[in-house]
Amino acid sequence: MNELFTIQMSTILTVLLVMLGLCLLTVAWVAIRRPVIFKLGVRNIPRRPPQTVLIVVGLMLSTLIMAAALGVGDTFDYSLSKSVYDVLGPVDEMVVSAGGGDVDPSSARNSTIPAGTLALVDESVRDDPNVDGVLPYLLEQVPAQNTAKGQGEPGVWLAGADPERLRQVGGLETVDGEAIDLGALATDEVVVAEKTADALDAAVGDTLTLSYNNAPFDLRVGAIAGDSILAGQLDPTQLGMVIPLDRLRERTGQTDTLSFVAISNAGDDRGGVGATDAVIDKLEPALEGQGLGVAAVKQDNLDEATLVATAFTGFFLVLGLFSIAAGILLIVLIFTMLAAERRPEMGMARAVGARRSQLFQQFVAEGTGYALPAGILGALLGVGATYGIAAVMRGLFGDFFPIEARVTPRSMVVAFCLGVVITFLAVTLSSWRISRLNVVAAVRDIPDVTNPTRKKRTLLGGALAVVAGAGLILLGRDTEQLAWFTIGVSLVPFGLALVLRFFGVPSRPVFTTVGLALLVFWLMPDDLFTRIFGEYNGNFEMFFVSGIFMVLAATIVIVNNLDSLLGALTAPTRSLIAGAVALAAGYALRLVEAGSVTADVLRLAGQIVLGLGVVLLVLGLLGLVVNLFPRVAVPAVRTAISYPGAARGRTGMTIAMFSLIVFSLVMIATMSTNFSALFLGDEANAGWDVRATASDANPIDDFEGALAAQGVDTGRFAAVGEVTTPDASSRVRLAGGEFRPYPVNGMDPSFVEHAEIVFGQRAEGYADDAAIMEALRTRPDVAIIDASALEGNGDPDGLVLEGLRLDDETFAPIVVEVEDRDGAPVPLTIIGVIDQAVTSLFGFYAPRATIDPIFPQVAATEFWVAGDDPDQADQIAKDIEAALLPQGVAAVSIQDQLEEGQALFGGFLSLIQGFMGLGLVVGVAAVGVIAFRSVVERRQQIGVLRALGYQRSLVSLSFLIETGFIVLLGIASGTFLGVALARILLTSDDFGGIEEFLVPWPLISGILLATVVVSLLMAWVPSQQAARIAPAEALRYE
Amino acid sequence: MPSLRRSNGTNGTHRANGSVAGGDAIIRAEGVVKTYDTGTTKVRALRGVDFAVGRGEMVAVMGPSGCGKTTLLNCLSGLDDVDSGTIYLEGQDLARMGDRKRTDYRAKRMGFVFQVYNLLPVLSAIENVELPLLVSGIRPKEARVKATAALETVGLGEWAKHRPAELSGGQRQRVTIARSLVNNPALVWGDEPTGALDSSTATEIMDLLRELNRSQGLTLILVTHDPGVGAQCDRIVRMRDGEVVGEERGTPAAAQTLGGTLSTQVVGVH
């Protein structure tokens, strides 16, 4: 992988190495010039081993996530590239049909080129030192059966290759590397690719029955070759076998055509690709005007592999940002706590002459002492995580291409440097803040006094935030970038809050208002946002930006009202009354009639107040439960809820950590569930149960007749429709525009008659879906298209119905033009856009009577079957495939196929959730650090509690309840925000506005329960330590 | 403090060996030995201490630093274990009580007043005071009423919602006293209860303790350096090097007459 976020990896590596060097030089300078300060710093590291272990574990997580993300990229890069080299072998370029000017190597499967192309290519590269071989290939997809073993495959590529030319580029080899001489093959023999042999359970000597043009013939397996294009396997998902070209020509009668001409560049399989540009430059002039094109097939596939690898790395990194953000919070938290612990010591050091910079240097030295081993550990564990992710990916995508874990040393170094530099910067900032202490207050260990300088800094910070926010708002408006605009809008209230604080306005009302206002802003439904602020463009980065700001806002509200929230537990009646009032107020606000912006904002505020009311009611009820156990629960809860409120900084950071990670997990889980429901809904299969595909090699004229002839009971069929796929390289354009590749399909009258298609957008004049179907039955000039052609919903470089978006309901009929075989445009009018819930239909659909004349040659015909009993779909598919296997018909249950696809998607999302769940380790580590620290800090207080009559179990319980409260608050906040944002997105018009929003409560509950349990287990060890403290000893402790 | 019920204790008649005549001892210790093992050295903190306090008595344990006063308090109150010897609390052998029972006993029958107040900084004054009640299983509403009454007794009714950091040293110690009394204890332990206070506040606190002892028959055992505190007690037990080396009667009346100047004079003598 050479690029990340469009920056060269080598540049990233250089910059990071320089930054790391600067960090280490800084520490080295302290070690050499201030050895005492350095020692004072690093000697703290081994002082408390459990705490040090937790700190290192917490710090290493950022590195682990980055190493894993980069490792995933390396794995994809390596695996895809290897797959390209394995499949293409010596083939670097392919000369194929270039209908309409597009050069697509996959067209070799459906389109042919004149046999004279070979001579043309030979002539062009005759004396070219860059070329060491030219290979003509003819392909036909045929069914194959190994009758003896009872195995069959409906579609296997039977390739014809020139044995002599094949030999010149290295020839075929068995999987063990032994040469196979294709020319020496007996006339009734075939060389089978390894994957095909596995699929057919075929061994050398087995007889395979193939069929062409409905005429069966037998071939014996003469040898089994490695999987490659030379053996007819066009890509890792396909099956192939090869015989000499002459024999295939003889059998198919295609004597004057080829499928493609492969070119092998000089050099080995990997080195030859360097000459691709030179070879193409030489060939293109000769092919011009012949309807031929040369595809840089190896180079393009390698580029695509890199692109996919980079995309995956970016994807994993962006998702990992939540964990990285939580990791940074943990670093700040750890150092803030270390500073609190050593405050008197630091005050004393300052009192006897230590400079502020020396305290700063001391912390930086200590921080580096943690960061370096954490970086190494993180990078190593990142490699382990990569192997784990690769194993899961192999299970999911192994059928498409082999996945082999690979991490380059460069990725490890980048992750290590990035992890150490991030930690160093976080430590530096924390240390700078820590070192600014009031000496007297620190020595006496009393709260710091606020001095005028600090107040001025607050004012300055506030003013800067307002200015920066305003600047970002303007930038966002200029560039129409949602991220800049929303960050700007979020910064301004923070700045104003700081300014108000400078003027002495109390903290709680100011920050609570800011937090609630930001929540209203970020939880605003899409249409309301657009009405107030206008249209902006946002991409995947908004997931992270919105998560950060919503969590920040919610945490601010929680932390500034902790006493009220937790006080509800000890004063349940008050809480219940307040909750009831909030519910009533929220409900009243929801009654405001929607329409105006003010009304909609009030309704949104009502929703938030309703949520608050529910929280208060739940806490009140919990308080009632607590009061049922006065001897144990009441005193334990009393102490447990008091400490978090007294240390709002650390409580807030811990809540934010859990909230961030839980938010991302819940959001992904909720989106995944709703997409699954959407794609597997009743509309997904358009009213059909089974799809059977027949290739043009063995056309079937009478589908039901052929089945009946094989004894299949077609009485179970309620309806059968046909859809033809004329040409894989069909192209469509908006009238007057540029042709774009788009799959074109022809529907026979029975398909139109019986299909149950739901339309997301209908052309004006068509009142309902039935009207569209009626037009398709009666008019030859109308068509329908799938939702991926809508603007902003598919490939922007493909066919885009400009101006028509998912949130539209009607449109003026759109005239498009389909390119016929001669390149002439045939106009058709789109009258409906298939709803994206109909996931079984993809492409452009028009009546077959219209499409057949445009594309006389049919590549494949799909037979769509609706059964009397949909539950029998799988059996019907099996029956069809068994009966028509000799004709190469492949049949699937549409529902099963959709479910398999969804299971793949779901599996990938589970992997993503697991990856993001790594961030929970940060939260759990934070819980551990805080709990261990609390035991030390409260040692004397624990002695007092024991003296007052707290049993050991009560001390322990109090610690666990305290941890539980913090974790639950974080989890509740993250869950609420995750579900709320998912709901806003999924019900927004941009996503087509799903009607029934689903929340995967069982999955969410599982995640949350596991989080709570692991956190409590982490807190259990220190809680036991606390319980074991001898009261007399603790009371002496200072 | 009308809500606090107290037995009508009379100051017991005691013998020179520290036992209480008539068997009305609320606490009795015999041959108590306690050694601290630091790994490299062993420190014999208590070397066979005999000690007894009668119900309603106010006793001061005095001696130089490191003589074992606080260790004696910790051992007798069940906060620490002893190596040998026996301790009877209201007739019950402490050694036969497990940690759970001892903790229960402390919650219901003892109160503590420490030199450094030892209030929980995260709780308000009233919350600190009601903790012993909650841990004894008293319902929160009832606990709040009793805690309020206790705070009023020590003159801090209006400071109930304040946290310790918002109170003066004297006020904090009053809160500690209120906390030690709120559960109607049989016995209150004080470890240098005036050690962190200025002289006038110390006098104020001692007057309060004395008054509680007199009016409610509260048994008080105070570990102190301060002869002024000792002088206000019924009896002073002297310790040196882990042993009780003698005892004398206090002069509460004289001490009261001396009023606020006593502590200052004593500090001068000391």
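Numbering starts at 1 and runs along the chain as it is shown here.
Glycine residues also receive a Cβ, built from the backbone N, Cα and C atoms like all the rest.
Automatic prediction, not curation, is the source of TrEMBL annotations.
It should be emphasised that the depicted structure is a prediction, and the values quoted were computed from it without experimental measurement.
Listed in TrEMBL:
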- A:52-262: domain 'MacB-like periplasmic core' (DOMAIN)
- A:318-438: domain 'ABC3 transporter permease C-terminal' (DOMAIN)
- A:915-1031: domain 'ABC3 transporter permease C-terminal' (DOMAIN)
- A:12-32: transmembrane segment (TRANSMEM)
- A:315-340: transmembrane segment (TRANSMEM)
- A:370-393: transmembrane segment (TRANSMEM)
- A:413-432: transmembrane segment (TRANSMEM)
- A:459-476: transmembrane segment (TRANSMEM)
- A:482-503: transmembrane segment (TRANSMEM)
- A:510-530: transmembrane segment (TRANSMEM)
- A:574-592: transmembrane segment (TRANSMEM)
- A:604-630: transmembrane segment (TRANSMEM)
- A:651-671: transmembrane segment (TRANSMEM)
- A:953-986: transmembrane segment (TRANSMEM)
- A:998-1021: transmembrane segment (TRANSMEM)
Annotated stretches the transmembrane segment (A:651-671) and the transmembrane segment (A:998-1021) touching (3 or more Cβ pairs under 8 Å):
yes
Kindly report the helix/strand/coil residue split of the domain 'ABC3 transporter permease C-terminal' (A:318-438) according to DSSP, in that order.
102 helix, 0 strand, 19 coil
Same chain, outside the transmembrane segment (A:315-340) by at least 6, Cβ under 8 Å from its Cβ: which residues?
4, 44, 55, 58-59, 61-62, 65-66, 68-70, 72-73, 346, 363, 366-367, 422-423, 426-427, 429-431, 433-434, 540-541, 543-544, 547-548, 649-650, 653-654, 656-657, 660-661, 663-664, 912, 915-916, 918-919, 922-923, 925-926, 929-930, 933, 937
Other same-chain positions with a Cβ less than 8 Å from the transmembrane segment (A:482-503) and lying at least 6 residues past its termini are 455-456, 458-459, 461-476, 510-511, 513-514, 517-518, 521-522, 533, 536-538, 541-542, 545-546, 549, 553
In the domain 'ABC3 transporter permease C-terminal' (A:915-1031), how many residues does DSSP call helix, how many strand, and how many coil?
100 helix, 0 strand, 17 coil
Quick test of the contact rule: Cβ under 8 Å, at least six residues beyond the ends. What residues does that give for the transmembrane segment (A:953-986)?
522-526, 546-547, 550-551, 554-555, 558, 565-566, 611, 615, 632, 635-637, 639-641, 643-644, 651, 654-667, 669-671, 674, 923, 927, 930-931, 934-935, 942, 945-946, 994, 997, 999, 1004, 1008, 1011-1012, 1015-1016, 1018-1020, 1022-1024, 1026-1027, 1029
Beyond the flanks of the transmembrane segment (A:510-530) by at least 6 residues, Cβ under 8 Å:
486, 489-490, 493-494, 496-497, 500-501, 546, 549-550, 552-557, 560-561, 597, 600-601, 604-605, 607-608, 980-981, 984-985, 987-990
For the domain 'MacB-like periplasmic core' (A:52-262), the averaged pLDDT of the predicted model is 88
Within the same chain, where does the transmembrane segment (A:574-592) have neighbours whose Cβ lies under 8 angstroms from its own Cβ atoms, ignoring anything closer than 6 residues to its ends? I mean 6 or more beyond.
567-568, 599, 602-603, 605-621, 623-624
